[in-house]
Amino acid sequence: MKKKVLALGAAITLVAPLQSVAFAHENDGGQRFGVIPRWSAEDKHKEGVNSHLWIVNRAIDIMSRNTTLVKQDRVALLNEWRTELENGIYAADYENPYYDNSTFASHFYDPDNGKTYIPYAKQAKETGAKYFKLAGESYKNKDMKQAFFYLGLSLHYLGDVNQPMHAANFTNLSYPQGFHSKYENFVDTIKDNYKVTDGNGYWNWKGTNPEDWIHGAAVVAKQDYAGIVNDNTKDWFVRAAVSQEYADKWRAEVTPMTGKRLMDAQRVTAGYIQLWFDTYGNR
């Protein structure tokens, strides 16, 4: 869920510059925050600083535990082509056309209006489904490297809409500015507390169309939005600029719903991967 956030190009000229501020809960000796925050060294192959990869890996773990519904040769293929899968997950945030010239417009999708935050831009539902299908075409053509790269891309967009801010078009420039990125940094610090430990993915959850799965995930995520972004958490986040107490308060407030979202994301992702294999079959 971690988001590399929103340089909006010319649109940023319409937004007042952000004041540089060291948040009370940051322990890096005074990290400064601007429109594009300085992220920790996110690594395409290290899930500790890559929540998208963490969710996909936990989903594969779920699949590996379910020897009744999941053919284990599918898990073997995911592991065989893990590097390509991880490259796709990572590229979505760092390469064009996937990150939309640093606007990340295609990483958002509001299920109520079917749009991202930029008018007429591609959104996560259509983009995630596009790469799901391209992955399938490559798979059928036995181009496994390209297939699993595209699958990684698709899984990234699915992962985004499981994050309530992405399902409500709440960007890093939404008020309070910077909340989106600081929240996603926080998620990295607690995610290991919410690992699914069983083999129960959301199998056959939303039919056979990837669009329906991405839409369904966004619907559920947006329902949980108020548990993360609300008047209290916004106020406490602003106060956290000078107060450790308020930094602790907003983090504590968002933790229960964040845990729920992380667990749902793992189960949905397991089912989505299973759908892909069901759709395009084994070699």
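Cβ coordinates come from backbone N, Cα and C, glycine included.
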(request) Figure out which of Asp93, Asp188 sits with His107, His156, Asp160 in the Zn(2+) 1 site per Swiss-Prot. (result) Asp93
(request) Tell me, in order along the sequence, which binding-site residues from His107, His156, His166 have their CA within 10 Å of His52 (Zn(2+) 3 binding site). (result) His156
(request) Mind checking which of His52, His107, His156, His180 has the fewest other CB atoms within 10 A of its CB? They're the binding-site residues. (result) His180
(message) Just to verify a number: CA distance, Glu184 (Zn(2+) 2 binding site) to His107 (Zn(2+) 1 binding site), in angstrom, no decimals.
(response) 14
(request) Within 10 Å of each Cβ, count the other Cβ atoms, then let me know which of the binding-site residues Asp93, Asp160 comes out lowest. (result) Asp93
(request) Among the binding-site residues Asp93, His107, His156, Asp160, report those whose Cα falls within 10 Å of that of His166 (Zn(2+) 2 binding site); none is a fine answer. (result) His107, Asp160
